[in-house]
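Trainee: Take this structure, written in C-alpha cells, and hold onto it; I'll ask about it next.
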Amino acid sequence: AEWKFAIEEIEGSVQDRYAQEFKRLIEEKSGGDITVTIYPYGSLGTSAALTELVTQGAIQFANSSPGHLGTLVSEVQVFSIPYLLSQNDEVNKKVLSESDVIYETLQSSFHEKNLHLLTMYPEGDMVWTANKEIRSPQDFDNFKMRTMVSPMLVEAYSAFGASPTPMPYGEVYGGLQLKQIDGQVNPVFAIQEMKFYEVQDYMIFAGQQEFTTTVVTNNDWFQNELSADERKMVNETIGELADYIFDVKREFATERLEMIKEAKPDITIIELTEEERAVFREAAQRVRDKYVEMTGESGKMVLEGLQADIKEAEEEMGAS
Amino acid sequence: MSDERPAAATDGGDGTEHEPGQGHGGRPRGWLAPLSAADRVIARVEAIILAYGVLLMAANSVGNVVGRFVFGRSLYFTEEINQFLIVLVTFVGLGYAARKGRHIRMSAVYDQFGDTGRKALMLLIAGGTAAVMFVLAWYSWSYVDGLARRGTVTPSLQIPLYLTYLWVPVGFVITGIQYVLTVVRNLQSPDVFISYEQIDAYDEVEETAL
Amino acid sequence: MTTAMVSLMIVLLLLGFPMLIPLIGATMLGFFVFFAGIKPDIMVQQMIEGVKPAALIAVPMFIFAADIITKGHSADRLLDLVMRFVGHVKGGLAVTTAATCTLFGAVSGSTQATVVAIGGPLRPKMLKAGYKDDFVIALTINASDIAFLIPPSIGMIIYGVISGTSIAELFIAGIGPGLLILAMFSAYSVAYAVVNKIPTTEKATWGERFDAIKGAIWPLGFPVIIVGGIYGGIFSPTEAASVSVLYALILEVVVFRSLKLREIPEIALSTGLITAVVFILVAAGAAFSWTISFAQIPQAIIGGLGLEESGPTMVLIAISIAFFIGCMFVDPIVVILVLVPIFAPLVKAAGLDPVLVGTIIVLQVAVGSATPPFGCDIFTAIAIFKRPYFDVIRGTPPFIFMLLLASALLIMFPQIALFLRDLAFR
Ligand code: NA
Ligand code: NA
C-alpha cells in the first residue's frame with residue numbers, strides 16, 4: 001500500500017525530518033509492504049487544503065498547524081494564546097505528547113471532523129524581528145507587526161501594543177524591505193529560510209509562543225480500514241518520534257540561528273528578561289477571554305484543562 | 001482589413017454594439033420565449049454582480065491602504081473579502097463569458113472547416129462543454145456541501161466558508177445551461193452560433209453592457 | 001497516464017473546445033480513471049484555491065485602471081507625449097513599448113497586469129503607426145515577461161525560499177539578463193521597423209513637446225504614485241493596482257471630466273468579464289497541476305533521464321528545458337514549487353551557483369509563460385485584445401528565439417547574471 005503524507009514546509013525542514021523518519025520506520029516495520037510518499041510544501045496546495053485532503057481521504061497524513069487548523073477545529077487555537085505553554089522545554093514535550101486534554105478532550109473535536117490527531121510537536125520559539133529594539137509594549141507603539149490572519153493573533157498583538165498587520169507570507173520579505181511593515185513573527189528556521197534577517201536588524205526572543213504543529217490522519221481510514229496491527233504500528237512509530245523530533249527542533253534552533261549570525265554578523269539578538277516578559281504576559285491575559293468568547297464551553301474546558309496539565313507538569317519537573 | 005482594426009478591450013464605438021440579450025438571431029419565438037425572458041433577467045444579474053464585484057475589490061483594497069497608512073490600523077479582513085470577490089467574479093463571469101461567446105479557444109483547426117463541418121464541431125463542442133459543466137456543478141455542490149457539514153469557517157471573519165463558495169456550483173450550472181442553449185440555437189438556425197446569442201465571428205463580438 | 005492526459009488535451013485543444021475543457025478534461029481523466037476512489041470534489045477545491053492567492057487581485061485592478069484611462073483622456077495624452085519624443089525615430093514607438101512594459105512589469109510584478117495596462121493603450125497607437133498586429137501583440141507579451149527577472153519578482157522569492165538562496169542576491173542577479181533581453185527586443189524592433197518601412201512622424205519641435213508634457217502632467221502622476229508608493233512603503237505592489245484605479249477615477253471623472261460616474265460600472269463589467277475569462281483558466285490550470293503533482297509525474301520523468309553523472313552545463317540545459325516545458329502548460333509558481341526540489345540534488349552535485357540556477361529558472365518561466373499552448377500571458381492577450389488564438393501567437397517565434405538565445409548566453413556566460421551580484425555582495 002502507498003500512504004501519502006503532506007507537509008506544510010519545504011524539504012529539509014523540521015516537518016520534513018519528521019515525515020522522513022516516519023517513512024523510514026513505517027517502511028522498515030512493514031517489511032516493505034507499505035511505502036510512504038512525502039509531498040512537501042506547495043505540491044498539493046495550501047495548509048487549509050491539505051487538511052481537507054485528509055478529511056476527504058485523498059491523502060492519509062498531513063501536518064496542520066493550529067493557525068490554519070483553527071478554521072476547522074476552532075478549539076485548537078488555544079495554541080495561539082501567548083505565554084500559555086511553559087518556558088521549560090521538557091514540560092512542553094510532556095504536555096504536547098501526553099496530555100489527556102489534547103488526546104481526549106480536544107481529540108473528540110477532531111473526530112467530529114473525521115480527523116484523528118496523532119501527535120503534536122513544537123518546532124521552535126516564535127521570534128520577533130524588527131529594525132528597532134523592542135523590550136516593552138511602549139516600543140511596539142505605532143509598530144506594524146505582520147501576523148498570520150487570525151482574530152486571536154490580532155488580539156494578541158493589539159494587547160502587546162503593536163498594530164497587527166496581515167500580509168500574505170510571500171509578500172513579507174518585500175514588505176519588510178520597503179518598510180510597509182515594521183516587523184514580523186516566526187520561528188527561527190522560517191526567518192532563516194525566508195531570509196527575513198536580510199532586511200531586519202533585530203531578533204527578539206520574548207518566549208511568548210512556541211510554534212506547534214499537529215499530525216492528523218483520516219479518522220475513518222485509521223479506525224476502520226487499517227488492520228489492528230497497522231494501527232498499532234502507526235501509534236508506536238508516533239510514540240518513538242516524540243523524542244526524535246524534540247532533538248531535531250533543538251538542533252534547528254541552534255543551527256539556523258548560527259546560519260543567520262554567519263550570514264549577517266551585525267544582527268542584534270535580544271533575549272527578554274523575566275521582568276520584561278512578565279509585562280507582555282500580563283498584557284496578553286485578555287487573549288484568553290477572547291479565546292473563550294470564540295470557542296465557548298468546549299474551548300473553556302480545553303483551556304482550563306491545559307493550564308492545569310502544564311502547571312502539574314511544571315511542579316512535577318521542578319520547573320516554574 | 002479586420003487585422004488592422006484597433007480592437008482594444010475597451011473599444012465600444014466601432015459599430016458592433018447590440019442590444020444586450022438580443023443577439024444576431026433575433027428574439028426567440030414559441031416555447032423558448034418565457035425561458036428567454038428569464039435568461040435576460042439572469043444576464044442582467046450576472047452583469048451587476050461582475051461590475052460591482054470589481055468595484056468592491058477596488059474599494060476594499062484602497063480602504064486597507066488608507067486604514068494602514070493614514071490611521072495605522074489594517075483592515076484584517078481585506079484579503080478575505082477580496083478572495084470572496086475573486087471567486088464570485090470568476091465563477092459568475094464563467095457563465096457571462098459563455099453567454100457572450102468570449103471563452104478563449106484555439107480555433108485554428110476549426111476555422112479550416114466549411115459551414116457544415118463547423119456546425120457539426122460546434123454542436124460537439126457546446127454539447128461536450130455543457131456536459132463537463134454539469135459534472136463540475138455536481139462535484140462543486142458536493143464540495144460545498146462537505147464544507148458546510150464540517151463547519152469550516154474563514155480565518156479572520158469566522159463566517160462559514162461554504163457561504164463564500166456558493167457561487168461556484170451556481171456558476172457551473174448557469175454555464176452548462178448556456179452551452180445547452182448554444183446546442184439548441186445551432187440546431188434551429190442555419191448559421192453557426194458560438195453561444196445562444198453570438199454568431200461565430202471574431203469581428204462581431206458584442207460589447208458588454210449593463 | 002501522462003501520455004493519455006497529454007493526448008486528450010491536444011485533441012480537445014485542436015477541436016476548438018474552450019481552453020478550460022482540455023485542462024479540466026485531462027484532470028477528470030486523472031481522477032476518474034487513474035485515481036479512482038479519490039473524491040473528485042478535490043478538483044473543485046483546487047480550482048477555487050487557484051484563484052485565491054492575494055497577489056492575483058492586481059490583475060483585475062490593473063485591467064480596470066487601464067480600461068478607465070483608455071476610455072478617458074489619460075492614455076491619449078501619455079501616448080501623445082511619447083509620440084512627440086520618439087515618433088521620428090525608426091522603431092521608436094516599439095522600443096518605447098518594450099521599455100515601458102519592462103518598467104511597468106518590474107514595478108507591478110505581474111506580467112498579466114503589464115499586458116493589460118501597457119498593451120491596452122499602446123496597441124491601437126502602434127497599429128495606427130503601421131506596425132502589424134502580430135508583432136505588436138508578441139512584443140507586448142514578451143516584453144511584459146521581463147517583469148519576472150527584474151525585482152520585485154514573486155518567482156524569485158518562491159525560488160529563494162524553496163532552494164534556500166538569498167533573495168536579495170537573486171533580485172540583483174536578475175537585472176543583467178533582464179536588460180540584455182530588453183536590448184535584444186529593442187534591436188529587433190528597430191530592425192523590424194526598418195525592414196517593414198514603418199513610417200515615422202515628423203520630428204516635433206520643443207514647443208510641441210513642451211505642450212505635450214503640459215497635457216500629460218496629471219497622467220504622469222501614475223508612475224510617480226505607483227513607484228513612489230511602493231518604494232515609499234505606503235502600499236505593496238499588489239495594492240498599487242487598486243490605488244491606480246482610484247487615481248484613474250480621480251483623473252477622468254474629476255480632473256478631465258471625460259467620464260461620468262455612471263459610466264464606471266459599465267467599465268467595471270468589461271473588466272469583470274476579462275478577469276473571469278482569464279481566471280477560470282488559472283483555476284483549471286491549478287486543478288490540472290494538482291493532478292500532475294499528486295501522481296508524481298515530474299519525479300518520474302526527471303528521474304528517468306539519468307542526469308546524476310552529467311556535468312554542470314548539461315544540468316543547466318536540462319533545467320532550462322524542464323522549466324520551459326512546464327511553464328507552457330502550468331502556472332509558473334506551481335512549476336517552481338514542484339520542480340526546484342526535484343532538481344536540487346542535481347544542482348548540488350554539479351556544484352552550480354544557486355543564484356545562477358535561480359536566474360535561469362526565472363528566465364525559463366518568463367519564456368514559458370509567453371509560449372503556447374497554455375502560457376498565461378497568451379490567455380490574457382486573447383481576452384484583452386479580442387483576437388483569435390492563432391493571431392495572438394503568430395508573431396511569437398522571433399521572440400521565443402531571442403529568449404532562447406538569451407538563455408544560451410546566460411548558460412555560457414554566467415557573469416551576465418552574476419556580475420552585479422558579485423559587485424554588491426562579494
Ligand atoms: Na518584477
Ligand atoms: Na504558463
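Easy rule for this one: first residue shown is 1, then count along the chain.
Heads up, the Cβ atoms here are built off N, Cα and C, so glycines get one too.
Sharing the feature lines straight out of TrEMBL:
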type     : residues  : note
DOMAIN   : C:8-416   : domain 'TRAP C4-dicarboxylate transport system permease DctM subunit'
TRANSMEM : C:12-38   : transmembrane segment
TRANSMEM : C:50-69   : transmembrane segment
TRANSMEM : C:135-159 : transmembrane segment
TRANSMEM : C:171-195 : transmembrane segment
TRANSMEM : C:216-234 : transmembrane segment
TRANSMEM : C:240-259 : transmembrane segment
TRANSMEM : C:271-295 : transmembrane segment
TRANSMEM : C:315-343 : transmembrane segment
TRANSMEM : C:355-385 : transmembrane segment
TRANSMEM : C:397-420 : transmembrane segment
Trainee: So, taking each listed stretch (C:171-195, C:216-234, C:315-343) in turn and counting its Cβ pairs to the transmembrane segment (C:135-159) that are under 8 angstroms, which one gives the highest count?
Mentor: C:171-195
Trainee: Would the transmembrane segment (C:271-295) count as touching the transmembrane segment (C:355-385), if touching means at least three Cβ pairs under 8 Å and pairs must be 6 or more apart in sequence?
Mentor: yes
Trainee: Can you find at least 3 Cβ pairs under 8 Å between the transmembrane segment (C:216-234) and the transmembrane segment (C:171-195), where each pair is 6 or more residues apart in sequence?
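Mentor: No, since the transmembrane segment (C:216-234) and the transmembrane segment (C:171-195) share fewer than 3 Cβ pairs closer than 8 Å, they do not count as touching.
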Trainee: In the same chain, who gets a Cβ under 8 Å from the transmembrane segment (C:12-38) while lying at least 6 residues past its ends?
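Mentor: For the transmembrane segment (C:12-38), the far contacts come to 1, 4-6, 280-281, 284-285, 287-288, 290-291, 294-295, 373-374, 379.
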Trainee: Across the domain 'TRAP C4-dicarboxylate transport system permease DctM subunit' (C:8-416), what is the average pLDDT of the model, as a whole number?
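Mentor: Reported value for the domain 'TRAP C4-dicarboxylate transport system permease DctM subunit' (C:8-416) is a mean pLDDT of 86.
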